[in-house]
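S.K.: So Swiss-Prot has the following annotated:
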type	residues	note
BINDING	13, 14, 15, 16, 17, 18, 19	NAD(+) binding site
BINDING	132	substrate binding site
ACT_SITE	133	active site, proton donor
ACT_SITE	134	active site, proton acceptor
ACT_SITE	159	active site, proton acceptor
BINDING	386, 387, 388, 389, 390, 391, 392	NADP(+) binding site
């Protein structure tokens with residue numbers, strides 16, 4: 001196996017816990033490498049973490065944000081960076097529930113900025129993306145084999161969902177642009193320098209001050225812990241020996257219950273566990289277990305060197321010698337911290353009076369009055385985004401027809417302040433999001449405009465969802481079903497459709513990747529109704545966005561059955577769904593499938609008797625398009641149960657499209 005040797009390494013988030021240990025190790029061990037570290041210095045970063053490297057001639061610190069494209073491009077070019085180790089991220093699960101959008105900005109958008117800079121400069125020989133074991137989701141309690149690197153990603157919280165989303169972007173840039181990427185997924189790390197929002201430093205600081213150790217629930221939750229220096233060595237191995245386009249778990253199969261960790265720390269301080277452990281209310285999002293398979297990395301020569309007892313002792317000694325390293329962290333030491341300490345500000349989750357752990361200082365946080373309230377009896381008024389789009393325009397016409405007051409939003413989806421201004425001025429009962437980038441003339445546009453696509457389809461949609469959540473507003477979100485493709489479990493012609501709970505399996509186009517990513521993240525919002533639209537069709541056969549109009553103008557057509565959405569029938573249903581306060585994910589297609597040839601046969605029979613077309617296969621189609629297209633059948637049972645009067649796709653085509661346009 002060839003050993004990779006970098007020259008100039010950029011380490012993001014390097015003033016944080018794990019990255020600082022990696023940076024210090026590389027600076028110390030490889031004086032011929034230039035190490036440039038970038039960090040915006042938020043609440044869990046500390047320049048003192050990099051003290052061992054400050055005087056080294058091969059070390060350079062830059063304060064800045066990875067979301068700044070100009071800064072990132074400047075650094076890559078001026079420092080002649082050939083290797084990136086991307087650690088920068090928001091990582092605390094609890095905080096992700098209180099301010100998930102901040103996690104999207106940091107973990108997804110920031111990663112995308114980095115990737116785009118790599119593509120533009122064209123000089124990166126290794127991009128190591130640091131992810132988490134939490135992307136695999138919760139492991140069964142009785143599982144004897146850990147998640148291996150090819151396991152399905154099933155994140156269960158906003159933090160892990162954003163990390164999984166970032167991984168998808170990294171994979172996309174590896175495949176689309178040949179960027180030499182490597183991804184790591186690590187389990188819990190402990191040791192010196194860690195901000196005490198995490199379990200072990202939190203327990204150590206509490207024990208040092210004679211405070212109770214709070215256990216969420218019964219303490220049976222299981223975690224695997226690696227000492228920080230062992231993890232730093234793992235990254236050293238991945239840097240030099242890791243294979244491009246591979247994923248490596250950094251973990252251990254040795255597991256410990258939270259109650260066992262509390263017992264061990266109590267014993268280190270000579271405290272009776274029975275008197276110091278305090279059982280508190282469990283967190284509703286406290287996964288029971290994460291378990292990794294660690295064999296792949298071991299084959300590169302890495303192994304865990306520090307046993308639990310030694311690592312815990314070293315960690316305790318460091319915190320007792322450096323009790324003021326992080327300053328006043330009393331807010332983080334509470335059993336259920338109310339403070340969400342995100343960069344730039346401190347956020348509270350309610351209007352209340354709180355006390356620091358020592359009981360001395362108090363402060364009051366006041367939550368502003370919500371612009372909307374789901375429990376009131378206001379009449380309907382819709383706020384619609386997507387005025388210039390096809391669906392947005394049709395929604396406005398439907399509102400006029402039904403006598404429903406509505407206004408179009410003036411704000412841009414990615415501009416939070418403008419969305420808040422819209423809601424305050426319009427005071428809607430519901431918000432409809434029909435805005436988004438699909439590309440003109442088709443989704444191939446998104447392949448060359450990825451930053452714009454993610455800004456609107458991911459960051460923008462999540463911003464609107466979060467603003468609506470803060471104002472107790474239901475958001476009707478027009479999404480896409482083009483995130484699936486026929487597979488072994490859902491073969492073409494079988495009648496087995498993809499259900500609402502199924503995870504996307506189509507990543508052929510960047511457009512679909514962004515839509516799959518945002519759908520996964522929106523699962524965490526209980527105020528969103530996601531409508532999976534597919535190949536939309538309307539009675540307006542002159543509209544270039546109409547699927548029938550599109551295929552009738554193609555020189556050749558692939559004949560394959562698909563689920564589709566007849567807008568004349570289903571858009572009124574979306575309004576009724578808003579009235580019924582329906583939420584969650586819905587396959588927003590007419591029941592059944594129709595092939596492209598069947599549609600064109602109807603077109604010929606009803607509209608243009610002399611119409612002719614020819615077919616070609618998917619392989620031939622691939623030669624004339626940039627990105628592959630999604631073909632699938634969606635399961636319509638959920639929507640049909642709610643609206644049993646809904647017509648099948650073929651009957652709806654005839655009633656709403658071809659009969660009204662029939663030429664005599």
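Positions of Cβ are set from backbone N, Cα and C atoms, glycine also.
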S.K.: Quick one: which residues besides 386, 387, 388, 389, 390, 391, 392 have a Cβ within 8 Å of the NADP(+) site's Cβ centroid, in sequence order?
M.R.: 384, 393, 394, 395, 434, 435
S.K.: For the recorded NAD(+) site formed by 13, 14, 15, 16, 17, 18, 19, name the remaining residues of the chain with Cβ within 8 Å of the site's Cβ center, in chain order.
M.R.: 11, 20, 21, 22, 23, 39, 45, 49, 87, 88
S.K.: Are any of 13, 15, 17, 19, 133, 134 (the recorded positions) within 10 Å of residue 388 (NADP(+) binding site) when you go C-alpha to C-alpha, and if so which?
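M.R.: Those close enough: none at all.
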S.K.: State the three-class DSSP label for residue 388 (NADP(+) binding site), counting H, G and I as helix, E and B as strand, and everything else as coil.
M.R.: coil
S.K.: May I ask which of the recorded positions 133, 389, 390, 391, 392 is closest to residue 14 (NAD(+) binding site) if we compare their C-alpha atoms?
M.R.: 133
S.K.: Just to verify: the residue among 13, 16, 392 with the fewest other Cβ atoms within 10 Å, which of the binding-site residues is it?
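M.R.: Looking at the binding-site residues 13, 16, 392, the Cβ with the fewest others within 10 Å is that of 392.
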S.K.: Given residue 159 (active site, proton acceptor) and residue 387 (NADP(+) binding site), what distance in Å do their CA atoms have, once rounded to a whole number?
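M.R.: Spelling it out, the Cα of residue 159 (active site, proton acceptor) and the Cα of residue 387 (NADP(+) binding site) are 32 Å apart.
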S.K.: Can you check which residues sit near residue 19 (NAD(+) binding site), meaning Cβ under 8 Å from its Cβ, same chain, 6 or more apart in sequence, and list them in order?
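M.R.: Long-range Cβ contacts: 11, 12, 13, 37, 39, 85, 87, 88, 130.
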S.K.: Round to the nearest Å and give the CA-to-CA distance linking residue 134 (active site, proton acceptor) with residue 18 (NAD(+) binding site).
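M.R.: About 16 Å separate the Cα atoms of these two residues.
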S.K.: Whole-number answer please: how many Å between the C-alpha atoms of residue 391 (NADP(+) binding site) and residue 18 (NAD(+) binding site)?
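M.R.: Here the two Cα atoms lie 47 Å apart.
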S.K.: Using DSSP and collapsing to three states, where does residue 132 (substrate binding site) fall: helix, strand or coil?
M.R.: strand
S.K.: Inside 10 Å of the Cβ of residue 132 (substrate binding site), count up the other Cβ atoms and send me the figure.
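M.R.: There are 23 of them.
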S.K.: For residue 15 (NAD(+) binding site), what is the secondary structure by DSSP, using just helix, strand and coil?
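M.R.: SS state of residue 15 (NAD(+) binding site) = coil.
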S.K.: Which of the listed recorded positions (17, 159, 390) has the least company, meaning the fewest other Cβ atoms within 10 Å of its Cβ?
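M.R.: It is 390 that, of the recorded positions 17, 159, 390, has the fewest other Cβ atoms within 10 Å.
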S.K.: Taking just the CA atoms, what is the gap between residue 390 (NADP(+) binding site) and residue 15 (NAD(+) binding site) in Å?
M.R.: 47
S.K.: Which residues does residue 386 (NADP(+) binding site) neighbour through Cβ under 8 Å, counting only same-chain ones at least six apart?
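M.R.: 392, 393, 395, 408, 432, 433, 434, 435, 436, 478 - these are the non-local Cβ neighbours of residue 386 (NADP(+) binding site), listed in sequence order.
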